[in-house]
């Protein structure tokens, strides 16, 4: 059995990165000026055979930061009333502090050295999380500052679909459009989708990678 056949740990699979699925709901498209209203995070785990599955979930409704823009079109789209006291919203600091604490524990348990965001159209979610972290003065942000795993791009490659709902359906994952644009629901579906893409690549023989030819073998071949 090759050494690569033993690469079934999460840290081995993603070069030391610890993938965490994130989705946000916001009051606009500008991460610097528009409010972050909801965020969900799901960590992932890998079993002894190298199969990836969702693990731990955190979900928060978030109070708009002071002076935040609330675009009416965005609120109409996601159906969030930022001023509804029944939301049980917390500050950006409290939400991200709890998520980062969960992520750092997962990194330690998995022997990973950096978290990497998994998201659908990840640039959007990444920009809002980073802006909120800066506003909250959170110094120990475990996420890579710019590298992400974007399931829109991965789904386009693996499934021929880039829209979350269509990619899920193509992958055999149930998707309820009535629950879409909830950060929790979209994170759950994105986590299932990412795991399916990673596991499908394994089922097709793409992982572990074939062992590279050793230097000694290369030298002996060149002498023949």
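Any Cβ shown, glycine's included, is placed from N, Cα and C.
Under the heading domain 'Exonuclease', Swiss-Prot lists 20-194. Per Swiss-Prot, the feature Mg(2+) 2 binding site maps to 23, 25, 181, 186. Feature annotation from Swiss-Prot assigns Mg(2+) 1 binding site to 23; the stated evidence is sequence analysis. If you look up Swiss-Prot, you'll see 29, 77, 124, 146 marked as site 'Important for substrate binding and specificity', on the strength of sequence analysis. Annotation source Swiss-Prot lists active site, proton donor/acceptor at 181.
Mapped onto this structure are the features recorded in Swiss-Prot.
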| residue | record | DSSP class |
| --- | --- | --- |
| 23 | Mg(2+) 2 binding site | strand |
| 29 | site 'Important for substrate binding and specificity' | coil |
| 77 | site 'Important for substrate binding and specificity' | helix |
| 124 | site 'Important for substrate binding and specificity' | helix |
| 146 | site 'Important for substrate binding and specificity' | strand |
| 181 | Mg(2+) 2 binding site | coil |
| 186 | Mg(2+) 2 binding site | helix |
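With a 10 A radius on its CB, residue 25 (Mg(2+) 2 binding site) counts 25 other CB atoms from all the protein chains. Highest local Cβ density among the binding-site residues 23, 186 belongs to 23, counted as other Cβ atoms within 10 Å over all protein chains shown. In this structure, the recorded sites under consideration are 124, 146, and the one with the smallest number of other Cβ atoms within 10 Å of its Cβ is 146. Compute the center of the Cβ atoms of 23, 25, 181, 186, which mark the site for Mg(2+) 2; besides them, the chain residues with Cβ within 8 Å of that center are 24, 38, 40, 78, 180, 182, 183, 184, 185, 187.
Listed binding-site residues near residue 146 (site 'Important for substrate binding and specificity'): none (candidates 23, 25, 181, 186; Cα-Cα distance within 10 Å). There are 13 other Cβ atoms within 10 Å of the Cβ belonging to residue 29 (site 'Important for substrate binding and specificity'). Residue 23 (Mg(2+) 2 binding site) sits 9 Å from residue 124 (site 'Important for substrate binding and specificity'), counting Cα to Cα.
Looking only at the recorded positions 77, 124, 181, 186, the one with its C-alpha closest to residue 29 (site 'Important for substrate binding and specificity') is 124.
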